[in-house]
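J.: Dumping what TrEMBL says about this protein:
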type     : residues : note
DOMAIN   : 136-439  : domain 'NADH:quinone oxidoreductase/Mrp antiporter transmembrane'
TRANSMEM : 12-30    : transmembrane segment
TRANSMEM : 42-62    : transmembrane segment
TRANSMEM : 82-106   : transmembrane segment
TRANSMEM : 118-136  : transmembrane segment
TRANSMEM : 171-194  : transmembrane segment
TRANSMEM : 250-276  : transmembrane segment
TRANSMEM : 296-314  : transmembrane segment
TRANSMEM : 321-341  : transmembrane segment
TRANSMEM : 347-372  : transmembrane segment
TRANSMEM : 384-407  : transmembrane segment
TRANSMEM : 427-449  : transmembrane segment
TRANSMEM : 470-487  : transmembrane segment
Amino acid sequence: MIVGLLCRSDVLLFVVVSLPFVCSALIMALKRLSHSQEALSTVASLVLFPTTCALYFALQGNPAILQYRLSSAILFILEPEALGIVFGILVSFLWAVTNIYTIGYMNKVYGKLQDRSVFYSCFAASIGCTIGIAFAGNLVTLFIFYEMLTVCTYPLIIHGGSKDSIASGSFYIKTLLCSSVFLFLPAIAIICGMSDGAGLFSAKSFISETHPSLLPFIVTMLCYGVAKAAIMPVHLWLPRAMVAPTPVSALLHAVAVVKSGVFTLIKITVCAIGVHGMYNYYNAPVAVDVAPHHNIMLYLSVVTIIVGSVFAVTQKNLKRLLAYSTISQLSYITLALSMFTDGAVTAAVFQMVCHAFAKITLFFAVGAVYAASGKTTIRDIDGLGRVMPITFTAFCIGALAMIGIPPAATFWGKFYIITEALKQQNYIVIFTVALSTVLNTLYFIPLMYRVFFAADATCAGRVKEEAPPLILLAMLVSSTCTILLFLKPDIVLGMLSVFG
């Protein structure tokens, strides 16, 4: 009977969403116990991934929905669908990997005796918020978890306690909260007010079909209101947040924050606005005396991709280079989405998954360098690949993924984007992908050369061994997944097709 209960999709949904929050609360309640935060976080992260996978299988033919009425007009709804399942499995898996890395990194850099209960508690809560975003069944629920994620990640950014950390954390929370309150929330209100489903993601009609004239206004509000997607010019919080510990940077760039941003745009576009209506609106024949319908998401994505890549080329600090790389690469996802077809959405989701594994590998490697040498600049990594071959082999796999060439899975992501662009004869997308690939090559290939073939930097002589085993294990897992998805892209595509 108990086994049967645990196999029910609604029970599994409740467990998946609540587990990280329970872990967060227990970490604070038991913080006086030595190493309890590491133990609780490890157990919860290792349980969450298989439970999310079990939910995926349980949902096939047995839809789940959990709802609670907050007021007469507001419903809190959790209802998994194809996009949410893919994102939920991605987040749960990467939490387990990041948790392994975090233990090794924090013990190496900050020592084993430091109380990190707040750090681990907020980390777990951030994962819970991200899972909530994945499985939100309406716009209200999505917004609640989106805002909670901002609040939960703030203590992680200021963890170092320095003036830079405090200033960066302040800028982070002001940017994200202000953009949400003044742009994202009004956009949600407009969509809810104009749609028949009152903001339900399962609504039968879409605002792109019922009120197409509102699309440019709503899309602009979403692109700038969902600042976690880091579309220029609301991207400035991301490079400044690099003062946080590397595990937090990994959380920001690959696991939770920016991925929640682009996922939010995907989910609202697909499930609330409607991609087919948007495609028809932006591709409809226009009369001579009528202004054309400009695809704002496309133009903003193009600018962000190119300018972000140019900024990355000029960086001297490794984490800031990766930050601008993230800003640029994220907009590949919105660039794909801006073509507004089923194939474009598939390409966007696939690119999101592949980028997550590749970018987290890069941050793991940069963190390993800091843990071993205390260095953060490009000139300090010359020759380090000969001392830390595992770390920099993983780094090179991640770098190849950012360029988009085999054996990295992002090759297929770019392939799907270009294929869809060719179908639509969208040469702006093709040119943007080609130019950004050249720019990515300009700053990643020299790095790959320097770490293995350049003369040793000063710090290379002081580094005697590889990073700690837990750091290496996490890097091996994430880099292997990058190659695995290149060999088996159907792992992601199959999950999307099962739910239609």
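Yeah, the Cβs are placed from backbone N, Cα and C, and that goes for glycine too.
Nobody curates TrEMBL annotations by hand; they come from automatic prediction.
Surface or core, plus neighbours and distances: that's what I need for these features.
T.: With a threshold of 8 Å between CB atoms, the same-chain residues lying at least 6 positions outside the transmembrane segment (42-62) that come near it are 7-9, 12-13, 15-16, 19-20, 22-23, 80, 85, 88-89, 92-93, 95-96, 98-100, 103, 124, 127, 131, 495, 498-499.
Among residues of the same chain six or more beyond the transmembrane segment (118-136), those with a C-beta under 8 A of the stretch's C-beta atoms are 13, 16-21, 23-25, 27-28, 37-38, 40-41, 44-45, 48, 52, 77-80, 83-85, 87-88, 91-92, 95, 99, 102, 106, 142, 144-146, 148-149, 152-153, 155-156, 159, 201, 247-248, 251, 255-257, 259-260, 263-264, 267.
A Cβ distance under 8 Å defines the sequence-distant neighbours of the transmembrane segment (250-276), meaning residues of its chain 6+ beyond its ends; these are 81, 83-84, 87, 90-91, 94-95, 98, 101, 123, 126-127, 129-130, 133-134, 136, 139, 142, 146, 149, 153, 156-157, 191, 195, 199, 201-203, 206-209, 215, 218-219, 222-223, 226-230, 238, 241, 244, 322-323, 326, 330, 333-334, 337, 340-342, 344-345, 348-349, 352, 355-357, 359-360, 363-364, 367.
Here the transmembrane segment (296-314) has long-range neighbours at 216, 219-220, 223, 230-232, 235, 321, 324-325, 327-332, 334-335, 337-339, 428-429, 432, 435-436, 439-440, 442-443, meaning same-chain residues at least 6 beyond its ends whose C-beta is under 8 angstroms from one of its own.
Long-range Cβ contacts of the transmembrane segment (321-341) within its own chain (Cβ-Cβ under 8 Å, at least 6 residues beyond either end) map to 223, 229-232, 235, 238-239, 241-242, 249, 253, 258, 261-262, 265-266, 269, 275-276, 278-279, 282, 295, 297-298, 300-302, 304-309, 311-312, 315, 347-348, 351-352, 355, 359, 362-363, 366, 378, 402, 413-414, 416-417, 420-421, 423-424, 426, 429, 432-433, 436, 439-440, 443.
The list of residues near the transmembrane segment (347-372) in space but at least 6 beyond its ends in sequence, with Cβ under 8 angstroms from a Cβ of it, reads 83, 86-87, 90, 94, 97-98, 101, 104-105, 108-109, 245-247, 249-250, 253-255, 259, 262-263, 266, 318-319, 322, 325-326, 329-330, 332-334, 336-337, 380-381, 384, 388, 391-392, 394-395, 397-399, 401-402, 408-410, 412-414, 416-417, 419-420, 463, 465-468, 471-472, 474-475, 478-479, 481-482, 485, 489, 492-493, 496.
Non-local neighbours of the transmembrane segment (384-407) in the same chain are 325, 329, 354-355, 357-359, 361-362, 364-366, 368-369, 372-373, 413-414, 437, 440-441, 444-445, 447-448, 451-452, 456-457, 459-460, 463-467, 472, 475-476, 478-479, 482-483, 486-487; each lies 6+ residues outside the stretch with a CB under 8 Å from one of its CB atoms.
Beyond its flanks by at least six residues, the transmembrane segment (470-487) meets 94, 97-98, 100-101, 103-105, 108, 353-354, 357-358, 360-361, 364-365, 367-368, 371, 390-391, 393-394, 397-398, 401, 406-412 of its own chain at Cβ-Cβ distances under 8 Å.
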J.: Who are the chain neighbours of the transmembrane segment (82-106) in space, where the CB to CB distance is under 8 Å and they lie at least 6 residues beyond its ends?
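T.: Same-chain contacts beyond the ends: 16, 20, 38, 41-42, 45-46, 48-49, 51-53, 55-56, 59, 114, 116, 119-120, 123, 127, 130-131, 133-136, 245-247, 250-251, 254-256, 259, 263, 266-267, 270-271, 349, 352-353, 356-357, 360, 364, 367-368, 371, 467-471, 473-475, 477-478, 492, 495-496, 498-500.
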